[in-house]
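If you check TrEMBL, you get these features:
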- 1-27: region 'Disordered' (REGION)
- 1-12: compositional bias 'Basic and acidic residues' (COMPBIAS)
- 99-119: transmembrane segment (TRANSMEM)
- 140-157: transmembrane segment (TRANSMEM)
- 163-183: transmembrane segment (TRANSMEM)
- 220-247: transmembrane segment (TRANSMEM)
- 253-276: transmembrane segment (TRANSMEM)
- 303-322: transmembrane segment (TRANSMEM)
- 409-432: transmembrane segment (TRANSMEM)
- 444-464: transmembrane segment (TRANSMEM)
- 485-540: domain 'Kazal-like' (DOMAIN)
- 569-593: transmembrane segment (TRANSMEM)
């Protein structure tokens, strides 16, 4: 019988394997070429037999690379189970996966911003205790800490795209829970603006406490904690399995650009959530009691509609992510090329195999924890996260005290400087790694240099300051009639001023007062689109100016000007320090992935996020 030259070559290559195991080998090459989307029983049996042989190799033979035929069999088509269409196979690539991953990470980042803003509102309206506030704020960190290593261990051995599809579905449920809080319950009561003038206590009308009580407080807190737990769980498949999936399907020197794009997605989502939550709620007049249910939903529309939009966006990514195979076409060839690269990890880990049991997971985790490079870079990611969270919390307070900016403007300026600085730093850092094709040692040097520059810029911020404006009761003692640290003085003690409402005014004596009531003002009117106050008993010095009606103005609403022009310099240093401190974010992530073998990448990232979450919980 004559054979074609191609068949002779195939028979020659497969002959040693046939003799070694004593079984008839089936040539699946033509079958895969003709019908790449059919799964038949003989093919499945052949895979099972080869898998059994792969798991029990000859101990005397040296370790080998995975069987190419077995590895390529995991490179399945794009489809939902048996529903596979040849026209859709053009989407079976890493670029299309990155697109849907980008949308899902954007949705997850938007929830971060919405939750941070909503927690501030709930804290203010519910008067949360310190314990309640910390539990509600860090419950997502606690959930991530509990499941990070488990998801990395089991998810890294399975179909990672399907894990992310499940994450998209659960993220939608978490967003619906958050939206339900603001859609079903009245959380934020619209406050009618009052002038808070100096009125003697016997002439004041006290509002009933019953109208200020908020029902369903316990239900809202429990729903919020449940949503936070689900939100924390969904982040681990995204930032562990999603990152390793992309890293396994792109060349090492191109991974920086892909990971930079994905990191920018989270910051873009945070920026979108920040804009939605900062948007002013719709204003309305005094509603009737019968229309109370409709009115509070309109007032809280920004929050529940924002969460609903995030749920829709995350569920839109569910079906496409569910259709991706365990490995994309060409993954085995790319992995073979990466294994030719010089290793950046302990050589004892190169051929280490571990099973699916919890005992194997614990042993491998202990082995990775002995890697000082992994621990060091995990701490780098932790400090990066703490820098972001600390900046969002304390920079607005610093701006209010140092530059006398209102709280809303301070929060807005902080977000507009911090979030773009983070996004640009991540993207530029990934682009530099991609274009320069840095080795592991060069990434470490790059991290040290950029971190040192960022530290110097942070120190320079401390030297940017302004002269402090006089504030009555804080650093000014009401011309000697009051005490520092006490807003009440003899000139306003009969006004019974509440300290719960902050509405600063600037007097003609260039002193700032907590509110018109604490300034002792008894009358007000609008003057040139600005509120002016008259007959203020605490303001006795300064030049007096008469308005168009001949009345002498004692104070105007707002903060006093400190004639400080160093705010642009502060933001220049702050933006530059944030930029340089985040240039190393993508190099650190890639170094973590390169500090362990390919089969331990997910677990190494899981350990990183566990350390990261421990760092967050320690700062509670």
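The backbone N, Cα and C atoms fix where each Cβ goes, and this holds for glycine too.
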The domain 'Kazal-like' (485-540): DSSP-derived helix, strand, coil residue counts: 3 helix, 13 strand, 40 coil
For the transmembrane segment (444-464), sequence-distant contacts whose Cβ falls under 8 Å of one of its Cβ atoms, 6 or more beyond its ends: 380, 429, 432-433, 438, 566, 569-570, 573-574, 576-578, 580-581, 583-584, 587-588, 591
Mean predicted confidence [pLDDT] for the domain 'Kazal-like' (485-540): 81
Among the ranges 99-119, 163-183, 303-322, 409-432, 569-593, the one whose Cβ pairs under 8 Å to the transmembrane segment (253-276) are most numerous: 99-119
Recorded stretch, among 163-183, 303-322, 409-432, 569-593, maximising Cβ pairs under 8 Å relative to the transmembrane segment (99-119): 303-322
Intrachain neighbours beyond the transmembrane segment (163-183), with Cβ under 8 angstroms and 6 or more residues off its ends: 101, 104, 107-108, 111, 114-115, 118, 151, 155, 220, 223-224, 226-227, 230-231, 233-238, 241-242, 245, 297, 300, 303-308, 310-312, 314-315, 317-319, 321-322
Same-chain residues near the transmembrane segment (569-593), Cβ under 8 Å, at least 6 residues beyond its ends: 243-244, 247, 252, 255-256, 259-260, 263, 344, 373-374, 377-378, 380-381, 384, 387, 391, 395, 403, 413, 417-418, 420-422, 424-426, 428-430, 432-433, 438, 440, 443-444, 446-447, 450-451, 453-454, 457-458, 460-461, 464, 601, 604-605, 608
Contact set, same chain, for the transmembrane segment (303-322): CB under 8 Å, 6 or more residues outside the stretch: 80, 91, 96-97, 100-101, 103-104, 106-108, 110-111, 114, 117-118, 121, 161-162, 164-165, 168-169, 171-173, 175-176, 178-183, 273, 276-277, 297
